[in-house]
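Comments concern the structure below.
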């Protein structure tokens with residue numbers, strides 16, 4: 001017979017084996033090589049841009065580098081766009097802002113997590129075997145930060161093509177610049193946009209580095225025609241809070257109604273119980289007479305206490321009637337009192 005220690009060790013080994021098999025069966029997520037969003041980055045190939053092949057669970061950091069001495073700082077606004085927008089280098093319609101590079105004194109790092117389902121309703125969501133595009137139509141200067149046409153997307157092909165869950169060996173070089181069908185544009189991503197001046201300071205304690213996570217961004221979603229309008233986001237939040245508040249009010253009203261109903265039922269039950277108790281107390285007073293009396297006394301004779309007036313008792317009994325059955329006596333038992341306090345009720 002196995003000892004308890006051996007049983008525990010066997011269960012532990014089985015659990016470790018199952019865990020190892022699950023880890024082997026599940027592809028390990030990894031951090032992809034960060035992308036520096038700068039015109040000096042040689043990874044942005046002319047006419048093609050930068051193509052990456054992330055898997056579900058991977059993470060990608062897009063870095064806005066700090067200003068270097070002797071070189072002007074490059075201002076960019078990065079968008080997650082549809083295939084036709086990336087091909088035309090246009091963000092006029094439905095602009096979905098990812099991050100804004102507008103802080104020369106610090107490095108800004110934007111992290112993208114490739115996940116099919118996001119715990120944040122404003123987070124990014126990706127699907128396998130789909131292409132996603134990131135580009136910028138800014139020209140690098142502060143004055144051209146808000147450009148919606150051309151920019152470095154057209155002049156330097158600064159764009160990232162993310163082929164999620166796809167095999168890099170199965171893609172030919174001619175397919176790198178092709179756009180996906182427009183029917184897939186609606187399923188690209190649930191986008192979280194960021195206004196240039198609405199993001200608070202998220203940098204480190206030295207004030208030289210800033211990390212922006214896609215789950216922490218706020219703004220309108222990518223679906224629908226109002227994704228570029230900030231009012232749409234606030235309206236959606238107001239509608240959400242209004243729905244939650246209405247649900248709470250309805251829940252409180254139901255609780256109050258049930259509480260009042262329960263109190264009424266308990267009060268009615270208590271009143272009914274008191275009435276039954278009073279009836280039982282009267283029935284106990286009317287008890288049959290015992291058979292230990294004389295021979296002429298019948299066992300069915302009933303003794304009923306005489307009602308009194310003004311709490312005065314009368315030690316008197318009277319035979320009420322015996323014409324239609326057994327005689328009935330009304331008897332009031334009490335300790336002897338002075339004759340002055342005795343009243344007879346006729």
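One is the number of the first residue shown, and numbering goes on along the chain from there.
Heads up, the Cβ atoms here are built off N, Cα and C, so glycines get one too.
The annotation signal peptide is assigned in Swiss-Prot to 1-27. Annotated domain 'Ephrin RBD' per Swiss-Prot: 30-164, in sequence order, evidence recorded as sequence analysis. Annotation comment: Swiss-Prot describes 64-101, 89-153 as disulfide bond, evidence class sequence analysis. Residues or ranges marked as region 'Disordered' in Swiss-Prot: 169-228.
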Listed in sequence order, residues with CB under 8 A of residue 153 (disulfide bond) and six or more positions away: 86, 89, 135, 136, 137, 159
Intrachain C-beta neighbours of residue 101 (disulfide bond), sequence separation six or more, cut-off 8 angstroms: 37, 64, 74, 75, 76, 77, 78, 108
DSSP state at residue 101 (disulfide bond), helix/strand/coil: strand
Neighbour count (Cβ, 10 Å) for residue 89 (disulfide bond): 22
C-beta crowding around residue 64 (disulfide bond), within 10 angstroms: 25
Conformational class of residue 153 (disulfide bond) under the three-state DSSP mapping: helix
The domain 'Ephrin RBD' (30-164) [mean pLDDT, rounded to integer]: 92
Structural state of residue 89 (disulfide bond), classified by DSSP into three states: coil
